[in-house]
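Asker: Sharing the feature lines straight out of TrEMBL:
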DOMAIN    A:65-452  domain 'Ammonium transporter AmtB-like'
REGION    A:1-57  region 'Disordered'
REGION    A:474-495  region 'Disordered'
TRANSMEM  A:65-85  transmembrane segment
TRANSMEM  A:97-120  transmembrane segment
TRANSMEM  A:153-173  transmembrane segment
TRANSMEM  A:185-206  transmembrane segment
TRANSMEM  A:226-245  transmembrane segment
TRANSMEM  A:257-274  transmembrane segment
TRANSMEM  A:286-307  transmembrane segment
TRANSMEM  A:314-334  transmembrane segment
TRANSMEM  A:340-360  transmembrane segment
TRANSMEM  A:372-392  transmembrane segment
TRANSMEM  A:404-422  transmembrane segment
Amino acid sequence: MRSPPRNTPDAIVTAVKHPSALTETPLRQPRGHTAHSTTAHRPPARTGSRGRRREETDVNGADTAFVLISAALVMLMTPALAFFYGGMVRVKSVLNMLMMSFVSLGVVSVLWVLYGYALAFGDDTGAGLLGDFAHLGFKGITPETLTGGKEGIPVFAFALFQLMFAVITPALMSGALADRVKFSAWTLFITLWVSVVYFPVAHWVWQADGWLFKLKVIDFAGGTAVHINAGIGALAAVLVVGKRAGFGKDPMRPHSLPLVVLGAGLLWFGWFGFNAGSALAANGTAANMAMNTQVATGAAMLGWLAYERIRHGAFTTLGAASGAVAGLVAITPSGAAVDAFGAILIGLVAGALCSWAVSWKFRLGYDDSLDVVGVHLVGGVAGTLLVGLLATDGGGLVQLGRQAVGAFSVMAYSFTVSWLLAKLVDRTIGFRATEDEETGGVDQAYHAETAYDFSAVGAPAAARASAVTSTPVMSRKAGKAGTTNSTTTDKKVDA
Amino acid sequence: MKLITAIVKPHQVEAVKNALQSFGVHGLTVSEASGYGRQRGHTEVYRGAEYTIDLVPKIRIEVLAEDADADDITDVIVSAAHTGKIGDGKVWVVPVETVVRVRTGERGPDAL
């Protein structure tokens, strides 16, 4: 096992995102250097010095295509998450809920180029805690730079794929803060959070010199770095921001379960990129992971539905959607380290456990509005610990111990720093919406829009007629308002 | 003249509308409504949190009629909306002082 050939199931447990480790290093023997120490400052060697390695000096087209497609799949998960959450809130804050996720695509994409990629995947500064600044602004990375030095996929493909994880992780936290935070404050919070929490933790877990990677913690696609990290961060933010007005008293029904199911379905679809794509190669590991993803997710949906039927008497649609997401979360750390029956077990446990965990908030009194803790933290911890026991290669108490160290150190770090960042935002610009803004709805308060035009319901004919006759008039008015009368539209959009 | 107002189950609206048409009613108004009667509400469960939904969705149908037709129209609505289960709704009749057709300015029974 010292140097397993890539593209074989033996490479499975290399279970790591770091390309150099994935292509050249088995899990138990992490390499003491990183991809960039060999790649970034050299042109790609088109002809190897040794003849038999000649063909390996080229870009791997199949792997590159697969990773680029996977990046696009993972990108879709952020809008999918927006719908999943958006359907669960009340009518007055749907747009805000969508925007809290969607804006992450803007913020994190820019930060990733500036310093995110360098901090997360640059050469280690020495202690396994953070990347150095050598690749700030993608410095030294060209289209010819490959992940494995003389072989592999372009670093740009790897960086794009990893960017999508950095986008969705802060977005995951938004569900916990539904209906009640200032949009400007949220944007500032995720800017700080990805910089100080996500980028370092991704380095710990996935960079070949990260301290958790060297500890041999298995986190194939982000159980620790993404789900535990976001789940505990959301809890910290909730404790700073406080409960929604009327929590536990007023009914807060989901306004559109079809949107929730649409979102869950698209998440499921995108998650094939998230999980299988983390193999960073179009190979057996990726196929095995795709299968485990499907199986665990199906089992988790059944687990959630079974718990609900026994406990609450009905098979709910929201339960099916939530169970599927819990399963996706729980199988994420395993990768192909478990077999299909391990995946079924992980799914069933996660589904049932998470459907119980979502009731904790009422007992303990924290308003984790859309159950980010109950699904992502609990599902992430369950998956991360279970793979320690169930791993087909090396699973057992020792690995369980490593998994626990990984999970709990990230929990401790993320909770502490997230709490401090939320406090910082709250003390400076104020995190929470005013009472009036919250009661009237954050959609109108911060976005000057409403999601649905109820005046049109039941009067389609009239609406159509007026649209036809008044279109020219309206456009003229709009043009005028834009130039001479802008004060009427100049509402206070954000505090 | 009378105003006949009926609160019925959403699924019965088509039946009521068709019955009124075959009876010869020329116009009616339908709107969405919500409320409760003896049936009270029902319980919904979202991730284990139970909500009692007090106000049940209903449809309100309003028909203007001449005094002589009011009883017959009421019967037509009741028989079309009847399912025999709890929550079938209610029908009531109130006197109307006058009615005006906006287009022509006609008043009283001519405007019906």
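Glycine residues also receive a Cβ, built from the backbone N, Cα and C atoms like all the rest.
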Asker: What else in the chain is close to the transmembrane segment (A:65-85), if you only count residues 6 or more beyond its ends and a Cβ gap under 8 Å?
Answerer: 97-102, 104-105, 153, 157-158, 160-161, 163-165, 167-168, 171-172, 174-175, 178, 259-260, 262-267, 269-274, 276-277, 280-282, 286, 321, 325, 370
Asker: Determine which residues of the chain contact the transmembrane segment (A:97-120) at the Cβ level, with the cut-off under 8 Å and only residues 6 or more beyond its ends counted.
Answerer: 75, 78-79, 81-83, 85-86, 88-89, 130-138, 159, 162-163, 166-168, 170-171, 174-175, 177-179, 183, 186-187, 190-191, 194-195, 198-200, 202-203, 206-207, 447
Asker: Hey, which of A:153-173, A:257-274, A:286-307, A:340-360, A:404-422 has the most Cβ-Cβ pairs under 8 Å against the transmembrane segment (A:185-206)?
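Answerer: The listed stretch sharing the most Cβ pairs with the transmembrane segment (A:185-206) is A:404-422.
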Asker: Would the transmembrane segment (A:372-392) count as touching the transmembrane segment (A:314-334), if touching means at least three Cβ pairs under 8 Å and pairs must be 6 or more apart in sequence?
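Answerer: Answer yes, regions in contact.
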Asker: Take the C-beta pairs under 8 A between the transmembrane segment (A:153-173) and each of A:226-245, A:257-274, A:314-334, A:340-360, A:404-422. Which stretch has the highest count?
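Answerer: The listed stretch sharing the most Cβ pairs with the transmembrane segment (A:153-173) is A:226-245.
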Asker: For the domain 'Ammonium transporter AmtB-like' (A:65-452), what's the mean pLDDT in this predicted model?
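Answerer: PLDDT averaged over the stretch: 95.
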